[in-house]
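Taken from TrEMBL as is:
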type: BINDING; residues: HIS27, THR106, TYR151, LYS196, ASP226, PRO227, ASN228, ASN274, HIS325, SER326, ASN327, HIS354, ARG408; note: substrate binding site
type: DOMAIN; residues: 176-270; note: domain 'Mandelate racemase/muconate lactonizing enzyme C-terminal'
type: ACT_SITE; residues: LYS198; note: active site, proton acceptor
type: ACT_SITE; residues: HIS325; note: active site, proton acceptor
Amino acid sequence: MNLTVTDVRLTPVLIADPPLLNTQGVHQPYTPRLVVEVVTADGVTGVGETYGDTKYLELARPFAEKLKGRRVSDLNGLFTLADEVAVDASRVSEAVDVGGLRGVQTADKLRLSVVSGFEVACLDALGKSLGLPVHALLGGKVRDAVEYSAYLFYKWAEHPAGVRAERDDWGAALDPAGVVEQARKFKERYGFSSFKLKGGVFPPDEEIAAVRALAEAFPGHPLRLDPNGAWSVATSLKVAGDLGDVLEYLEDPALGTPAMAEVAERTGVPLATNMCVTTFAEIREAFTRGAVQVVLSDHHYWGGLRNTQQLAAVCRTFGVGVSMHSNTHLGISLAAMTHVAATVPGLHHACDSHYPWQSEDVLTERLVFENGAVRVPDAPGLGVELDRDRLAALHRRWLDDDGTLRDRDDAAAMRIADPEWVTPAMPRW
Ligand SMILES: O=C([O-])C(=O)C[C@H](O)[C@@H](O)C(=O)[O-]
Ligand SMILES: [Mg+2]
């Protein structure tokens, strides 16, 4: 068996995204992703996926060149390789990523986000070469299915008039009734029984009312609210006080570890984060201050599936829960998330996934949610297959774009509907 990488293919794509609202603005009609393929000397192809914005592509290209000649089994070596790829300082001059949705932006985190796509592709190729599923390469699954939560968003019925976009059949959700209706659809279509509402969009009282309406419509179901740090400590405490009886956890109510620690100290409602603990370096302060009770891992920015397992082990050591964060992603990443989640003992919270919002994929067969869960694939590698025609079509869309959609910008999308829109100063409420 020859596991040497002889070729690496990078295919940026633009995939359709509905008009989902968050505190920074609204999703653009298409969002960039990068599909990574590694090919071994034996002709085995492994596939991975990560962010597709320009700053990631700029790193992925030299990284791909360096990977050639190495073995797909050399997973630790990926981090050494990544250290050799220079990050343009202007790419990390902002303190926060995606207008603040993914926490601090550092050169390391950028590199790790790129490594993750290659790590998954290498694991896929290795698994296919050995005839083993990725979860077996990670030590073996401890469950046969991974539970996901319905990721509810405030949402317009459609993208602004005149903007090229794909239509969706979810309708608008701009008030409590709309949110409950969306949740019903999620439950009907996918069987989800946990619900997360992306907040930070409307004044907190409106979002409290929406969560109350969910609690009434779905009694006993785990509920979460995530305003992406849009609230002050006082507002966070008010929301925790009003919703404490129905929330599984409150996600990033306030921005940064000190503010989260202050909230945590004064409420019994567990706090989750994908914003103040997003790197290993951020763990110590957050855990010693008791700022978070659940970390939402994301194999993309934590640097892959094996780093996700390490994060889970650290969380376990400190008695902190673990679950998963999600951005817009394709089926490749859902498969990767499912494999790693299957290996993590003590995963007590349903994972987030944007996948139901994605009408487009690059796989021959979409992954399916049954009773809110994805069965852990047992076929070799990730257990998914690329549909090359779909991949080519979505790449064509990326090629045809004049550059406006190649870098995610939720504030720019919002300005099309509201030219006065500026990224809100935090805390917003
Ligand atoms: O905090 C989170 O869960 C996210 O930031 C997830 C996504 O980025 C979501 O907010 C989005 O895409 O609008
Ligand atoms: Mg979050």
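The first residue you see is number 1, and the count goes up from there.
Including glycine, each Cβ sits where the backbone N, Cα and C put it.
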Write out how many residues of the domain 'Mandelate racemase/muconate lactonizing enzyme C-terminal' (176-270) are helix, how many strand and how many coil, based on DSSP. 49 helix, 15 strand, 31 coil
Rounded to the nearest Å, what's the C-alpha distance separating ASN327 (substrate binding site) and LYS198 (active site, proton acceptor)? Just drop the number here, would you? 12
Please find, for HIS27, THR106, TYR151, LYS196, ASP226, PRO227, ASN228, ASN274, HIS325, SER326, ASN327, HIS354, ARG408 as listed binding substrate, the greatest distance between any two Cα atoms, in Å. 28
Please list, in sequence order, the residues in the chain of HIS325 (substrate binding site) that are at least six apart in sequence and whose C-beta is under 8 Å away from its C-beta. ASN274, LEU296, SER297, ASP298, ASP352
Neighbourhood of HIS27 (substrate binding site), C-beta criterion under 8 angstroms, separation at least six: ASP17, PRO18, PRO19, LEU20, LEU21, THR328, ASP410, ALA413
Please compare the binding-site residues ASN228, ASN327 by how many other CB atoms fall within 10 Å of each one's CB, and tell me which has the fewest. ASN327
